[in-house]
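Straight from Swiss-Prot, the features:
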BINDING   G30, Q31, N32, A33, Q34, G35, K36, T37  ATP binding site
Amino acid sequence: MKLKAIELKNFRNYEELKLDFHPNLNIFLGQNAQGKTNILEAIHFLALTRSHRTSHDKELISWSQQEMKVSGVVEKAHATVPLEVQLSPKGRIAKANHLKENRLADYIGQLKILMFAPENLELVKGSPATRRKFMDIELGQIHAVYLYDSMRYNRALKERNAYLKFDKDKIDKNFLSVLDGQLAEHGNKIMLERQNFIDKLEVHAKKIHEQLTHGKENLKIIYNQNVKTDFSKELLSRQDHDIFRHQTSVGPHRDDLQFFINEINVADFGSQGQQRTVALSIKLAEIDLIFEETGEYPILLLDDVMSELDNHRQLDLIETSLGKTQTFITTTTLDHLKNLPENLSIFHVNAGTIEQEQ
């Protein structure tokens, strides 16, 4: 899978922009706050219809404009697929092959991406919400049905939480049980998919982590399900508690992940270097896992992470990705990028203008 070209209209600081990409490696070079990350954000938006930097869509639209559009051409093994995502006061429209997709689950996965940004280093030591988002994004690209169940679960969760905010004497437990059934139906599928994903991810990540640490460290990933027994029974047993607290206290929306090196919890006791190595091992593992599950390698987006990694980890990242994935890198300097291949494109970014090095 390759992204051949992208076109932006009123996206962030780009009023009009068209770029053709190298099928192997693309580097965006420039000082901070010039618009490098905006390009990777646009690719992320084209793939997932969402930004990785903000949940406020209005921030993506250029100043004084009312709408924006990101379009691109994706080259797959047996087809070339034009993609387009628009934002306007009327909402969001996603198109594949010039046809509007009414369901997000039918669009996501057309362009598979793997984003590695400084905030991804928070995967190990950040909040549980960060790790749940990680599972949701990656699984949503691999299995469309997961995205469908996740959306249905979140809709039911929102409805149940809103109902729990009613006065206690106005709550009908029979209706609450109906909502419980909807949560359990989709929540059970989510938990099963997450467990299968983590089991497979761990297999790949363990091998990579062992290579990165020269056999000195053994990585283990634990999926901590919030639901310990039967989801339906736990929801029923907690109804009074949830009515009192005005929120749903059990379910996959409270799941988490834990990472261990040689039986030591990395988040609590690992060094910063160990935490970074775990995050890197997981990202590199995803490359092969996505290919294993879908038959397509994802596009790799490296947003200013090279400066966060030492030379050894930089080399491991580049060597693992090149030859498999089309890679996009943003950086302020090429000094720390060693052993770059000759077949690449370098784009110089300055104040929202981009020039390709000849």
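Any Cβ shown, glycine's included, is placed from N, Cα and C.
Swiss-Prot feature annotations superimposed on the structure.
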{"residue": "G30", "record": "ATP binding site", "contacts (Cβ under 8 Å, 6+ apart)": "K36, T332, H348, V349, N350"}
{"residue": "Q31", "record": "ATP binding site", "contacts (Cβ under 8 Å, 6+ apart)": "T332, N350"}
{"residue": "N32", "record": "ATP binding site", "contacts (Cβ under 8 Å, 6+ apart)": "T332"}
{"residue": "A33", "record": "ATP binding site", "contacts (Cβ under 8 Å, 6+ apart)": "none"}
{"residue": "Q34", "record": "ATP binding site", "contacts (Cβ under 8 Å, 6+ apart)": "V349, N350, A351, G352"}
{"residue": "G35", "record": "ATP binding site", "contacts (Cβ under 8 Å, 6+ apart)": "R12, N13, Y14, V349, A351, G352, I354"}
{"residue": "T37", "record": "ATP binding site", "contacts (Cβ under 8 Å, 6+ apart)": "R53, D303, D304, T330"}
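The ATP site, placed at the center of the C-beta atoms of G30, Q31, N32, A33, Q34, G35, K36, T37, has further neighbours from the same chain whose C-beta lies within 8 angstroms: T330, T332, V349.
Mapped onto three states, the DSSP output places N32 (ATP binding site) in coil. A 10 Å cutoff on Cβ-Cβ distances gives K36 (ATP binding site) a total of 26 other Cβ atoms nearby, all chains included. Reduced to three states, the DSSP call for T37 (ATP binding site) is helix.
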